[in-house]
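For reference, the structure is listed below as structure tokens.
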Amino acid sequence: MNSFFDDLRFYIDEENLFVRAEQLRARLKLLPLMLVVQIVIEPLYIWLMWDIASHRQLMIWLSTAYLLHLAEMVLWIQRREDLGNIEECQRWSQDLFNFALVFGMMWGVGTMFFFPSDLLTQVLLVCVLMGLTAGAATMNSMHPPSFYAYVLSLMVPLTFRVMVEQDETHIALGAMLLLFLLVMLSSGHFLSKFIMLSLRQRFENESLAEQLASMNGVLEHKVEERTAQLQHKTEEVAQIRDVTIMAMASLAETRDNETGNHLKRTQNYIRALALRLRHHPHFKDFLTEDNIESLYKLAPLHDIGKVGIPDAILLKKGKLTMEEFEIMKTHPLLGGNAIAMAESGLPTPNRFLHIAREIATGHHEKWDGSGYPLGLKGKEIPISARLMAVADVYDALISRRIYKEALSHEDAMAYILQGEGNHFDPDVVEAFQQIQDEFRQIAGQYQD
């Protein structure tokens, strides 16, 4: 019973405003259809009563009904979108209740006055009015107050008028109408509850979705902010790493009377070779974009091991003795071991330092196995070291040293071509030959 009165009150507040507004909106969408149905049925009602009641009274009844329909339609046209606040929703709820009550009473009270005398017409009339009631249970259940007002004001007078006849047939018919009324009230009540709960669940889901979207937006912003910070830190670390590499390499070069341009030339030589060979079937797996960039940055470390060579040997102007040359030949291992020691302090192997170690250790290895320090042969020599070998030898040939004069590009190129297959990887020599003009341009751009 309390639930029935709650439905009848149709209480609207800030907490349930969205649900109530949606119920009213759904009810208003059906209003034109409901008006059309009643406008069609009302002439049928007049036809059933035409031979029973006063024609004047029937036409007054029909005219009143049509005027009320017109008023309701005008109100619908003017205010059907006015559901934005509590006051507008309450006004529509009251208007719908009033119209439903008036129309229900017109049918119910009209039936009391125009009730036919023959049983067949009575049954037809009861069927028409039961159809109206069933339709109201389907369409009016979005707004319980108008549903109850319409059904009760129609069915109670009808049931009362039927049972007034007091014969067994009408008493049975009246009992059936009472049962039908209870079924319609229960159906409307449960349908209304179902609709309200569905709407409430929908709005709760939408609210949760909005909250999740908002939280997701905040999290995305924080992730983007944190990612930007990490990116900045990563770039900062990479810059410090690159500067450190150049500082260490420059320190090593100064002990060998080299210039900073030697480092820039070898960097650009090795990148030019790598870019030329990156699609070659023997090199494409290693020469990725990241590895090519690593080769460019690590090339200056190829002679870092010279830091461990005594000045008397490193700076000697004349030809080295055999013993001195054997000591000089240790600088690749000195450099490689220093890098390996740095790498061993990391929790996991590091690709960047691994390539650095390959370059420092292997750039004096020869294709035929006659190089040093490990005597590696052919493809045993890491690709990074094979590229560095050509770049380093070319730059050494075209550069002036305290113990020799600089060679021309043509002479340096001839020397490297002669070393194809014995000193150098034939594929790397072929690439060098194809881009020799680029080597000449780099040498000119960064000349001492």
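Residue 1 is the first one shown; counting continues down the chain.
For all residues, glycine too, the Cβ spot is worked out from N, Cα and C.
Per TrEMBL, the feature domain 'HD-GYP' maps to 237-448.
What TrEMBL records for 30-52 (among others) is transmembrane segment. Cβ atoms under 8 Å from those of the transmembrane segment (30-52) belong to residues 58-59, 61-62, 65-66, 69, 72-73, 76, 103, 107, 110, 114-117, 121, 124-125, 128, 131-132, 135, 139-140, 142 of the same chain, restricted to positions at least 6 beyond its ends.
Residues annotated as transmembrane segment in TrEMBL: 58-76 (among others).
Beyond the ends of the transmembrane segment (96-115), by six or more residues, the same chain brings 24, 27, 38, 45, 49, 52-53, 57-58, 61, 64-65, 68, 72, 122, 125, 129, 132, 136, 140, 143, 145-147, 149-158, 160-161 to within a C-beta distance below 8 angstroms of the stretch. The feature transmembrane segment is assigned by TrEMBL to 96-115 (among others).
Taken from TrEMBL, the feature transmembrane segment applies to 121-140 (among others). For the transmembrane segment (121-140), the residues of the chain that approach it from at least six positions outside its boundaries are 27, 30, 33-34, 37-38, 41, 44-45, 48, 52, 100, 107, 111, 115, 146-147, 150-151, 154-155, 158, 162, 173, 177, 180-181, 184, 187-188, 191, judged by C-beta separation under 8 angstroms.
According to TrEMBL, the transmembrane segment annotation covers 147-164 (among others).
The annotation transmembrane segment is assigned in TrEMBL to 170-192 (among others).
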If I take every residue in the domain 'HD-GYP' (237-448) and average their pLDDT values, what number comes out?
88
Restricting to the same chain and to residues at least six past its boundaries, which positions have a Cβ under 8 Å from a Cβ of the transmembrane segment (170-192)?
3-4, 7, 122-123, 126, 130, 133-134, 136-138, 140-142, 144, 147-148, 151-152, 155-156, 158-159, 162-164
